[in-house]
Each structure stands twice: as C-alpha cells, then as structure tokens.
Amino acid sequence: WEFNGSFYQPSAFLMMGIPGLEGFHHWLSIPFCALYLIALLGNCVILFIIKKTQSLHEPMYYFLSMLAVTDLGLVLCTLPTTLGIFWFNMRRIGFDACLTQMYFIHVLSFIESSVLLAMAFDRFIAISHPLRHPSILTKTTVIKIGLAIILRAMVSLLPIPFLLKRLTYCGKTELSHSFCFHPDIMKLACADIKVNVFYGMIILLSTVGMDFIFIVLSYILIIKTVVSLATKEECLKALNTCVSHICAVLVFFIPMIGLSMIHRFGKNIPPLINTLVAYTYLIIPPALNPIIYSIKSSHIREALLRALRRKSE
C-alpha cells in the first residue's frame, strides 16, 4: 500500500483466472492459445492479402484492415496477462500497468465499434448510391475517418485513468478478470465513485451506444433500398455483401452489451458467467472476424487461394 495522509492506493492488483476452475488452468490454456493463434495469424493474413492485392484497395477493405489492426491490438493487450495466469499463475499486476492496460483495452474496443459503423456507412453508400461511392469515399476520406475514429476514442477515454487514480482504495485488491476493466477497478475503491460511474456511462452511450444506433439505422436504410430493387436476384446479391459485416457486428456488440449489463446490474450473476462473457467479448471477435470475412468475401478468398498457389509453385 502507498500511504499519503488519508489517501490509500494499492501498489498492485490481483487478477483472476476462471473462478472455480483454477486447478484446470493448464488445460484451459489450450483452447485460449488456439483462439489467440487464430486471431494473430488470421488478422495478419487479412492485412497481408489486402496489402498485396491491388484489386482490394477499396474503402471496404481499407476499413477491414482497420478492423484487423484493432483486433490484433486487443489480442496483444490481453494475451500476456491471460496466459501468464494460466501458465505461471502470475496474478499480480502493478497499479499503473493495470490502468495502462485498461485504457488501451477500452480505446481499442471503442475504435472497433467506430470501424464497424464506418463499414456500415460504406455498405449503405455502395448499395444506395453505387455510382457516387468512389467519389464519396475516396482514399483521403477513408484516412480522415480512420484518424477521427482513433482521436475520438483516445480523447474521450483519457480522463478514465486519472479518475481512477484519484480514488482511495481499501479492502480487496482482487479483480474479476485476467485483464483490467474500468468497472472492475472502480468497484474496489472505498471512495465515492459517482463521477466514475456517470462519466463511464455517458462516454459509453455517446460513443459505442451511438455507433450501434447508427449501424441499425444504416441497415434500415439499406433494407429500404434493397426492397425497391427490381429483381429478387439483385436483392439477394446486395444483401450478400452485408452478411460478413452483420456477423462481425453481432459477434462484437452482443458480448459487449452483455458484459456492460453484468457489471452495472448483475450483482447476483455467478462469477463464472461474468468471466466467460468477458473472454467472449475480448477474444472471440478477433478470432472469428478473419474467418467470417475469409469465408463470405469471395475477393479475399480468391486472393488467398492465389497467394497459396504461388507459394506452392
């Protein structure tokens, strides 16, 4: 403990693995390693294919590249602490290191949410205004959107570590997960956390909440456009270009909303459920997104097959 008058701050926190299954951590590390490996390799392959294939240098695939980089960031943020617990029972994390990890996890989550919104906007323009799509989403515009997404996430979440640092902590120092999460840390404080709760809620609703609403509105407009198409084949072809994105949105937002609800209202939820939802939120989307886009995007699939053929020759 660091003591300064009436101000107490722990030098470190203790992270949890999977509650009730501590004796099986070595075995449980196998599926986690598999998921992390799939996420790392899958997203790197997506980035490599898009970089090397000239025909994929389009707004849709630029946004997919941003999604892949964000997923890699999320994996690299949680991998050291998660596998450290499973392999070596390294539960201790320094206070400042915990706040740093928490900040980057939340920033990358907010960036992923905004990238999914940008991808929804891209699909809306491509389907509703196909002739104007190249002139609306130019390379410069895509870069500006990417920079705005990063800036919004970093600036909006910058006060969070400082709001946590001003609190007095006492009693338990045990976190609920194998990574640092804002609601989890602030619950360990024995000071008034109303400011943290209020600011966290406002930021969540004004960023991720608004992103989700605009994604839903984009698809309402897309469906409205698709319904007006002349033939059923055109309708199905237009909708088929959105399937990968819809899957990515569901895979990301459902666990995220579930975890937020558990932290705010789920006082009687078993710790195991809380932990599983958290892992689903941070590990499953980075692992599934490359698979979803590789299966559903014929352009990426064909480019990947061409690259494999060249390598075998």
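Yeah, the Cβs are placed from backbone N, Cα and C, and that goes for glycine too.
Keep in mind the model is a prediction, meaning the values are calculated, not measured.
What TrEMBL records for 42-293 is domain 'G-protein coupled receptors family 1 profile'.
Residues annotated as transmembrane segment in TrEMBL: 24-50 (among others). Sequence-distant neighbours of the transmembrane segment (24-50) (same chain, 6+ residues past either end, Cβ-Cβ under 8 Å): 17-18, 56-57, 61-62, 64-65, 68-69, 71-72, 75, 79, 82-83, 85-87, 89, 279, 283-284, 286-287, 289-291, 293-294, 300, 303-304, 307.
The transmembrane segment annotation in TrEMBL covers 62-88 (among others).
If you look at the transmembrane segment (100-121), the same-chain residues 6 or more away from its ends with a CB under 8 A from one of its CBs are 60, 63-64, 66-67, 70-71, 73-74, 77-78, 81, 93, 145-146, 149-150, 152-154, 156-158, 160-161, 164, 179-182, 185, 207-208, 211-212, 214-215, 218-219, 245, 248-249, 252-253, 256, 282, 285. Per TrEMBL, transmembrane segment is recorded for 100-121 (among others).
Taken from TrEMBL, the feature transmembrane segment applies to 142-164 (among others). Outside the transmembrane segment (142-164) by six or more residues, the chain places 59, 62-63, 66, 99-100, 102-103, 106-108, 110-111, 114-115, 118, 182, 185-186, 189, 195-196, 199-200, 203, 206-207 with a CB less than 8 A from a CB of the stretch.
Residues or ranges marked as transmembrane segment by TrEMBL: 197-222 (among others).
Among the features that TrEMBL reports, transmembrane segment is placed at 243-266 (among others). Remote same-chain partners of the transmembrane segment (243-266), defined as residues 6 or more beyond its termini with a Cβ less than 8 Å from a stretch Cβ, comprise 67, 109, 112-113, 116, 119-120, 123, 181, 183-184, 204, 208, 212, 215, 219, 273-274, 277-278, 280-281, 284-285, 288-289, 292-293, 296-297.
Summarising the annotation, TrEMBL assigns transmembrane segment to 272-292 (among others). Long-range neighbours of the transmembrane segment (272-292) within the same chain, counting only residues 6 or more positions beyond its ends whose Cβ lies under 8 Å from a Cβ of the stretch, are 16, 18-21, 32, 35-36, 38-39, 42-43, 45-46, 67-68, 71-72, 74-75, 78, 105, 112, 176-177, 179, 181, 244, 247-248, 251-252, 255-256, 258-259, 262-263, 266.
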So if I exclude everything within five residues of the ends of the transmembrane segment (197-222), which remaining residues of that chain have a CB under 8 angstroms from its CBs? That is, six or more out. 109-110, 113-114, 116-117, 120-121, 123-124, 127-128, 152-153, 156-157, 159-160, 163, 182-183, 186, 238, 242, 246, 249, 253, 256, 260
When the pLDDT values for the domain 'G-protein coupled receptors family 1 profile' (42-293) are averaged, what is the result? 90
